[in-house]
Amino acid sequence: MPNRKKSPPPAACPPPRGTLIAIGGHEDKSLPSKANPADEYAPNAILRRFVAELRGKGPVLVVPVASEEPTEAAKPYVEVFGALGVKRVEVFDVRERGQGQDEAALQLLNEASGILFTGGDQLRLTALLGGTAWLRRLKERYTHEAIVVAGTSAGAAAMSTPMIYQGRDNQGMLKDEIHVTTGLELMHEVAIDTHFVARGRIIRMAQIIATNPGCVGLGLEEDTGVVVTDGRELEVIGSGVATVVDGHAATASTIHLIEPGEPFSIRDLRVSILSCGQRYTLGVQEDLHK
């Protein structure tokens, strides 16, 4: 038989060099005051942390694609980043999927030292950017370069897979009241939910974990975020709390036994409530991003 070369093993996905900042929405966007810049509870503390994490002299790119009113969504970020000393702030206003293949948009992304996704509708965000050359390039840069990628509200929820969409507040106890799909995939096996305490979303997160037990749920309160380094090391920032819901050791679930519209059960979830300065290592599978 002729000699055949063996196919090389698939390359392991390295820990990302970039920094991810997921924000629970309604972060303080007030313009800088005389507050102590080291005060982690001071006004605009989260956005100041974003600026502090920037490396290089490239612009900050605000991406309001999740919003149906992108100009209005981007405006406060342009103002506060300028006031915080960012010399160049650009806006990537996406209305059609074709814009995600545009060479000028790719060039702007290549120059950026930081990217921030605003709030709105996470399904709109992924429908317009999912599978585009722009998103592929963002993931390449996040993996191999020391850029900062942040998202708030819908922009945070879209960062990971599975991505939660639909489902009203204070719901989720009945099977199929909420849905998940593929997010931007900057993280894998992590489900991010926002406005978590203010909108009573712990039950819907429990259903996400019941239907995706290999995942970790990350619930972010308003004006609260996590800084993620090495793809799995979390530091909580802001004025509220982050809730981590881990179902890896859950002992029983009825989600596979019941019909849609019936209440579900799940036992022995592990829940951690973390405030500013607390750290947490995500204990999920090795390849958290692609």
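Note: Cβ is positioned from N, Cα and C throughout, glycine not excepted.
These numbers come from a predicted model, not from an experiment.
What TrEMBL records for 1-37 is region 'Disordered'.
The compositional bias 'Pro residues' annotation in TrEMBL covers 8-17.
For Ser153 (among others), the entry in TrEMBL reads active site, charge relay system. DSSP gives Ser153 (active site, charge relay system) a coil state; it is part of no helix or strand.
Just so you know, the Cβ of His195 (active site, charge relay system) picks up 20 other Cβ atoms within 10 Å once every protein chain is counted. A coil conformation is recorded for His195 (active site, charge relay system) in the three-state DSSP classification, outside any helix or strand. Sequence annotations record features per position, and here TrEMBL assigns active site, charge relay system to His195 (among others).
When Cβ atoms from all protein chains are considered, those within 10 Å of Glu222 (active site, charge relay system) total 22, not counting its own. According to TrEMBL, the active site, charge relay system annotation covers Glu222 (among others).
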Checklist entry - Looking at Cβ-Cβ distances, which residues of the chain lie under 8 angstroms from Ser153 (active site, charge relay system) while being 6 or more apart from it? => result Ile23, Gly24, Gly25, His26, Ala66, Thr118, Gly119, Gly120, Thr194, His195
